[in-house]
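A.B. asks: This is the structure I have questions about; it appears just below.
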Amino acid sequence: MLQDNNGPAVKRAKPSERLQCEYFMEKKKRRCGMTRSSQNLYCSEHLNLMKKAANSQVHNKNGSEAEKERERVPCPLDPNHTVWADQLKKHLKKCNKTKLSHLNDDKPYYEPGYNGENGLLSSSVKIDITAEHLVQSIELLYKVFEGESMDELPLRQLNNKLMSLKRFPQLPSNTKHAVQQSSLIENLVDAGAFERPESLNFIEFGCGRAEFSRYVSLYLLTQLTSLPAEHSGSNSNEFVLIDRATNRMKFDKKIKDDFSEIKSNSPSKPISCPSIKRIKIDIRDLKMDPILKSTPGDDIQYVCISKHLCGVATDLTLRCIGNSSILHGDDNNGCNPKLKAICIAMCCRHVCDYGDYVNRSYVTSLVEKYRAHGSILTYETFFRVLTKLCSWGTCGRKPGTAITDIVNVVESFEGAEPYTITIKERENIGLMARRVIDEGRLVYVKEKFTEFNAELIRYVESDVSLENVAMLVYKK
């Protein structure tokens, strides 16, 4: 084992002919596959990793090169990669992040901050959370649940027959994602979202590889093949895929492959393949209307979907839909609103943002109504604590831990008086915090989309996914 300048212990792998990084990855039981310089022991990324872990300079030189002390620093545009400090200026001009930041400059659907909260709050301002904030927030949560009568969300785990026939047989072991997709699709079916499938378009926010859209498309295609003869051949469907990241192994082609297979099995059905439009953009900066189809007299409708839309992206998405005149209000062509349904499976409330949260007034009203006399809680501090508490409901338990075990939840605060609860109580508090954030979103949707029903459901059991809450919005 090696240990450099008080850095983490590193197992030295056997030398190889290629100049391979000497860092040994214990979890994968192999050494790093990156190539290193002949003057260095490690690749640049593992050098940076070790420096972060040890909070010190790690020796990475052989011979006289050790005296030069070139330093690698995180790229200011993307801290996930590092550069030589003496080449930083040159790197910034050619960094891929520079190109990506200007990728949409000339696009009609791009407007910086369009779906943000107009700078109402600057979440970049650091808010220090104390043990007192944490304890008061927990006590306030209990009062909120008692006063607002927040019952447990209904479980609506449904099974889509197509998924059972086509998808589950392909998965002999891990079916958790398929079970979730099946339930979400069938909940959309029950909500009437697939009526008149020949004119349905879908928008998937935070689509990633678009696996969810692939199976939505598969169900849509089977519905099209079962249409009566008078409707055959008239379908015009589109999938708009929104994501800010670059994704590998995308499912876009699978949608076309599924169509080809279904078409070959039903050659007499004159159905058309759905078109696919993938847009790489942050939802914060997205104007939907330039992307969507809308002409007077058409019967096109849109269903907005997402499976595990992360943190603040859910708030930005709800604003994005509400800001679209084509989806939500009369557009410039005099057409009726095109929105038919919304289905968003939410996750990662711990990365929600108090400045961009969609319903500040709701959380503020809870704080003002239920905080104790002399409380130091404000909207900002309470929301920050909520995001921290949310992880308690989804982080799971360590092996051998019992639900009755006692934990001190303010242990990380130096000098704080102990505040002890059981493991089970901690999990419940996490779920309560998550519910408050989701409830505020639900209230926003009900106020904004008055012609729609809106509800929160548990679409699978928690043993399938701990992130098992979805918002379902459909026409009254």
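Using the three backbone atoms N, Cα and C, a Cβ is placed for every residue, glycine included.
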A.B. asks: Quick check on the annotations: Swiss-Prot lists region 'Disordered' for one of 55-78, 79-102. Which range is it?
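C.D. replies: Comparing 55-78, 79-102 with Swiss-Prot, region 'Disordered' matches 55-78.
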A.B. asks: So if I measure Cβ to Cβ from Cys75 (Zn(2+) binding site) and keep only same-chain residues at least 6 apart in sequence, which ones fall under 8 Å?
C.D. replies: His81, Thr82, Val83, Leu88, His91, Leu92, Cys95, Lys97
A.B. asks: Averaged across the zinc finger (72-99), what pLDDT does the model get? Just tell me the whole number, please.
C.D. replies: 83
A.B. asks: Excluding Cys75, His81, His91, Cys95, please set out which residues of the same chain place their CB within 8 Å of the center of the CB atoms of the Zn(2+) site, keeping sequence order.
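C.D. replies: Everything else in range on the chain: Pro76, Leu77, Asp78, Thr82, Val83, Leu88, Leu92, Asn96, Lys97.
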A.B. asks: Note down the number of other Cβ atoms within 10 Å of the Cβ of Cys95 (Zn(2+) binding site), including every protein chain shown.
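C.D. replies: Result for Cys95 (Zn(2+) binding site): 18 neighbouring Cβ atoms inside 10 Å.
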A.B. asks: DSSP helix, strand and coil counts for the zinc finger (72-99)?
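C.D. replies: Secondary-structure breakdown of the zinc finger (72-99): 14 helix, 6 strand, 8 coil.
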